[in-house]
Amino acid sequence: MERIVVTLGERSYPITIASGLFNEPASFLPLKSGEQVMLVTNETLAPLYLDKVRGVLEQAGVNVDSVILPDGEQYKSLAVLDTVFTALLQKPHGRDTTLVALGGGVVGDLTGFAAASYQRGVRFIQVPTTLLSQVDSSVGGKTAVNHPLGKNMIGAFYQPASVVVDLDCLKTLPPRELASGLAEVIKYGIILDGAFFNWLEENLDALLRLDGPAMAYCIRRCCELKAEVVAADERETGLRALLNLGHTFGHAIEAEMGYGNWLHGEAVAAGMVMAARTSERLGQFSSAETQRIITLLTRAGLPVNGPREMSAQAYLPHMLRDKKVLAGEIRLILPLAIGKSEVRSGVSHELVLNAIADCQSA
């Protein structure tokens, strides 16, 4: 069992990583006997894990209600969020309740925002079931729902009480979702840890076949890196922005193509190549390093070009609505070397458009 602590003073919390955690009531600390829980999951995961998690919580004496949401990025919306509030109010659940997010990034982000908002804030626990949510979205307290005009535009910073990563969940993950998660894994190597990127080049095949020790190390290293960044910059005023490599381009793809048509990791993968091409055009990143990124993403089964039907010009309106925009200027996360990156403002729209075009004609 691996345990990592996100250090945020009184709001510090553990990330527990192991197989078989759904069999152990102690995995879901700080829940105690007699407490009330609303378990939030989706229609795909409910048949797989709902009864198991409900059972282990009830074994610990916890009173469990549940709400099952539709599955898909297109349902990460205010309308679906309202169904969680309705379920909480109908029981009713008070300010002493705990929300448990059993699912991937959509369930986790939406449940976290529900917890931040319900009665001005209740406790919640993240139980991520996808690789993407285990290495990224469940850690750090970013919660949100989407708006038709932009991804994650309505949300809050709100930290969980704990994160429970059961590696066994990956056994039921579709290959496309596994690849989507690997995009965020590769991101950590590009922005923060060149040695980890080297390790990924050597061990990607083991990850694709869900090798236990390799996957445990991979998830642990990603969580360590994210925990360090969040502890240093919880509300994304500086360092934490680096975690958005590829996301300014990627969110544009998701919004333009319709949420759910491109998985988040797929859009981020293409966006990371666009960021690398932008950095190349600025003369601060080599084509050889871009090729290393492209090769690793391709091996993972991820796209390295944007949608053919989406023009370069179509990216700009979405990018100008990005949450990182300051004083009307797009701020981009750009690699400087494998393992090193920067936040860059003032890049001309023409250069950005040319970099996007590079990734459409490649």
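In case you wondered, yes, glycine gets a Cβ from its N, Cα and C as well.
According to Swiss-Prot, the features are:
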BINDING   71-76, 105-109, 129-130, K142, K151, 169-172  NAD(+) binding site
BINDING   E184, H247, H264  Zn(2+) binding site
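H247 (Zn(2+) binding site) counts 26 other C-beta atoms within 10 Å of its own C-beta, drawing on all protein chains shown.
Other than E184, H247, H264, the residues of this chain whose Cβ falls within 8 Å of the Cβ centroid of the Zn(2+) site are, in sequence order, L132, D136, S137, A183, K187, G246, G250, G265, A267, V268. Nearest in space to H247 (Zn(2+) binding site), taking C-alpha to C-alpha distance over the binding-site residues G105, G108, T130, T172, is G105. Under 8 Å, Cβ to Cβ, and six or more positions away along its own chain, D71 (NAD(+) binding site) finds N42, E43, T44, L45, V106. Listed in sequence order, the residues of the same chain lying 6 or more apart from Q74 (NAD(+) binding site) and placing their CB within less than 8 Å of its CB are G258, Y259, G260.
Annotated pair G108 (NAD(+) binding site) and H264 (Zn(2+) binding site), C-alpha to C-alpha distance, rounded: 14 Å. In this structure the alpha carbons, written CA, of H264 (Zn(2+) binding site) and G105 (NAD(+) binding site) are 9 Å apart. Across the structure, G105 (NAD(+) binding site) and E184 (Zn(2+) binding site) are spaced 12 Å apart at their Cα atoms. Annotated pair T130 (NAD(+) binding site) and E184 (Zn(2+) binding site), C-alpha to C-alpha distance, rounded: 12 Å.
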